[in-house]
Amino acid sequence: MTAMHTVEIGGDAPYAVRIAPGLLDDDATLVAPLRGRHALLVSDANVAPLYADRVEAALRRARPGLGIARFVMPAGEHEKTLARFGECLDALAGLGATRDATVIALGGGVIGDLAGFAAACWMRGIDVVQLPTTLLAMVDSSVGGKTAVDLPSGKNLVGAFHPPRAVIADTTALRTLPDRELRAGLAEVVKYGAIFDAGFLDWLESRVDALLARDDAAIAEAVARSCRYKADVVERDPFEHGDRALLNFGHTFGHAIETEQGYAGATGDGLNHGEAVAVGMVLAARLSARQGLAPAADADRLQALLERFGLPVALPAGLDPHALLARMRLDKKADARGLRFILWDRAGAARVVRDVPDAAVLDALGG
Ligand SMILES: NC(=O)c1ccc[n+]([C@@H]2O[C@H](COP(=O)([O-])OP(=O)(O)OC[C@H]3O[C@@H](n4cnc5c(N)ncnc54)[C@H](O)[C@@H]3O)[C@@H](O)[C@H]2O)c1
Ligand SMILES: O=C(O)C(=O)C[C@@H](O)[C@H](O)[C@H](O)COP(=O)(O)O
Ligand SMILES: [Zn+2]
């Protein structure tokens, strides 16, 4: 029996992340954060057939009078668009959602980000409850309140900080997750060790097989520890004025790759987010070594762990380094003084670095 893990996120709008098997059928846990008469269940075409009926049944059992509607959209990063966001708002209008309504995001990070942004905007802000169903969403995207959609010109360029009212992670949902998506989530798990705690990298290195085999206890502990790392930094810096930017390790490169590939991860013609972040973290570690900040051996160690998790660690063929550098100019960490990268001094110790010469970035990209 795997125990319930609870991670509290403090600050002005506190909430809890609950992690345990079976929570998607737990009437009391699901209904507790709902305040009003309306709930919009947002999901995608892969997840809804697996889990939406169960969630809706649990909500109806617990609160018979609740008005529930569904917005189910096609899956994939290329669907995290302003157009789908608009359709989600139309669904809220169709439901007659009032200011005490709740958006329930049932799915991976694409659904969590888009549904969270719809909640942030509907009537200037209503509650969102995150029910993450991918490992990536459980360890990262459901926590911390970043919501967004993509533009063709860049990832997450339109969004808002809007913390969830609750995060409820049913780890049994991971049993239906494709292997590729499990590995993508492990990239963001590795990120926490890379930026905050080399001891967590030791822990991961000793549990590669258990995690890939979806061992319940190993997965639950990886999720809980990841949420704790994220909670600590998000509590201190909810709007990314400082340390929170460290969570962007690998993302300046990764987002440029995703954008340049047209968000084609789900169609098999590109990397998905976790894969792009894996490549990006290796590039950031190599850039750190080239800049004389960190030992090259630490980059080797990071690369070896990601490879053991079956993740890509090199830039896909056919991407132009100059085009990727141009994409980085719209990175949200850039400002009037130029780009900022998250680099590291050693495994477990990342920091924000300015004034990295373009030539060094191009060199890291192989250009
Ligand atoms: N807001 C944040 O802080 C934050 C953090 C990290 C990533 N993100 C965003 O998250 C997104 C990536 O999220 P993701 O990796 O979860 O991708 P995703 O939402 O596209 O889900 C991956 C795939 O798995 C399917 N799926 C989801 N749960 C399933 C299940 N239990 N069983 C079977 N199939 C399932 C989905 O339908 C999809 O095809 C990106 O858009 C990224 O930018 C946001
Ligand atoms: O929560 C954060 O802060 C993160 O940076 C987590 C990242 O894993 C995530 O991909 C996030 O959406 C990236 O944010 P962005 O501001 O670079 O779009
Ligand atoms: Zn990410």
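Quick reminder: no glycine exception, Cβ is built from N, Cα and C everywhere.
Taken from TrEMBL, the feature domain '3-dehydroquinate synthase N-terminal' covers 71-183.
Mapped onto three states, the DSSP output places Gly109 (NAD(+) binding site) in helix. The Cβ of Gly109 (NAD(+) binding site) lies under 8 Å from the Cβ of Pro132, Thr134, Leu136, Ala137, Asp140, Ser141, Ser142, His273, each of these being in the same chain and 6 or more residues away along the sequence. The annotation NAD(+) binding site is assigned in TrEMBL to Gly109, Val110, Ile111, Gly112, Asp113, Thr133, Thr134, Lys146, Lys155.
The domain '3-dehydroquinate synthase C-terminal' feature in TrEMBL is assigned to 185-334. The domain '3-dehydroquinate synthase C-terminal' (185-334) scores a mean pLDDT of 98 in the predicted structure.
What TrEMBL lists as Zn(2+) binding site is Glu188, His251, His273. DSSP classifies Glu188 (Zn(2+) binding site) as helix under the three-state reduction.
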**Fill in**
CA pair Asp113 (NAD(+) binding site) / Glu188 (Zn(2+) binding site), Å rounded to integer, equals 16
**Complete:** Restricting the binding-site residues Gly109, Ile111, Asp113, Thr134 to those with Cβ under 6 angstroms from ligand 2 leaves none
**Message:** Between the two most separated Cα atoms in Gly109, Val110, Ile111, Gly112, Asp113, Thr133, Thr134, Lys146, Lys155, the residues recorded as binding NAD(+), what distance in Å do you get?
**Reply:** 21
**Output field, Zn(2+) shell: CB within 8 Å of site CB centroid, site Glu188, His251, His273 dropped** = Leu136, Asp140, Ala187, Lys191, Gly250, Gly254, Gly274, Ala276, Val277, Gly280
**In three-state DSSP terms, the structure that Lys155 (NAD(+) binding site) belongs to** = strand
